[in-house]
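In what follows, a structure is listed as structure tokens, so that the remarks can point back to it.
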Amino acid sequence: MSSADAQDRLKLYKFTKILTLKIAQIVVQSRQGRKIVHLYNTTKSSDDNVICDTTCTPNNLQWFNLSIPDVPDVNNDTKRVLNGEVIQALSNVLCIEISLHTNDGDDMVLEFWTVKIGPLHDATITSISTIYYRMSIMLKSTLSISRITPAYKMSRLQNKDCYQISHKIYGGQPNLDLLGKKYKNIKVGKLHMPIGTVEIEVSYRTEMTILPEPRSRVPSYGEVQNISNSDIMVKSDHFPKEIPRKTNCDKKKVDLSKPLTAGAFVDTIKLRELHDALYQQLPPAPPMEWLLAEKDKMEKKINLSMADALSKPGPSSEAEPTLAPDASKAVEVPKCKDNKYASLMDFPFADGSPITELANFYQECLQARSASEAWTNESISTDSESLSQQLKMYEEAVPEFDSMVESMFSNTEYGSDHT
């Protein structure tokens, strides 16, 4: 191994150690429910709930382009687990346990954060700068994911009167059974290096129910003897277990007849002028309404005329079957089977189509036209019958007319001779 490779491996050991320390700082500080404040040229803060970050000092470097303040207790616990052997300690898995403690003495494990290093699977990444950059990305991913788990929401609401959240850093595999059923696991990041593959994972609880273990104690005087080990629910009014999601409400129908609702601080005069201008630009009522109105009128006229025709007795009713074929020949009324518009009537789900309404209107107009011509033919037939009777009467009176003409001629001739 050359001296350059040895120096690179030493740098990787150092970067891995600092990465582990920063991960522990991010996880623990996000569960303490405190604010992180950047202070300049000072090292102490009067508020116990504020974590100070002294920047711009040579002793406090911003590793991985992130300004993460160091809590001494967390650093000491992490270094105690590493024990100067980063690879060996991370091979056994470094675990950060976050748990909840109530004032009643009940405990509940919320999540496990693990940092481990495994065998090398991909040796293509050998550049120190590339590895350093990807370590910074892993650290930023840890910072983001630590703010989305349920433990972070509960840590923001912790107080001394209800419950507190604590941490524990140790080496070894975590006991995931302590998280209860239906726990979830998130792989935060994975990085291949010449010294091994670093992996960061988090497993967190989803059911926030404490099942306390039965404890034997002497009940006081006047206390109920039978103590039932009932479930204790840790409730949070601000962050409930099941947040009701917004349901997609049905869209409200816009009524154009109602005036528009004006917002606050709106000039009503200008708004009225705008409404008037808009109403002037609106087109008139569509002509389809006029067609429908005419259709109703035609239907009423046809019904009245048909009723009158049925009520009239006489030869007109007898002449109807003989005149109907003539009318159909004069005006070729399209039949339902041969009509090109009749296919729209047989098409499924075509009742509400505007084309169907137009076809119905056109067919009814044709039928009304044929009926009206039939009535005119009936009147013509009655007139022809009376005319034929008159002609017959005149033919029978032809001799009388002839004798009258002859007498007129004879009278004129006699008068001329007498003169």
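Each residue, glycine too, has its Cβ placed from N, Cα and C.
TrEMBL assigns the feature region 'Disordered' to one of the listed ranges (28-47, 228-247, 308-327), namely 308-327. In the domain 'Autophagy-related protein 13 N-terminal' (107-208), helix, strand and coil residues by DSSP number 28 helix, 41 strand, 33 coil. Over the domain 'Autophagy-related protein 13 N-terminal' (107-208) the predicted model carries a mean pLDDT of 88.
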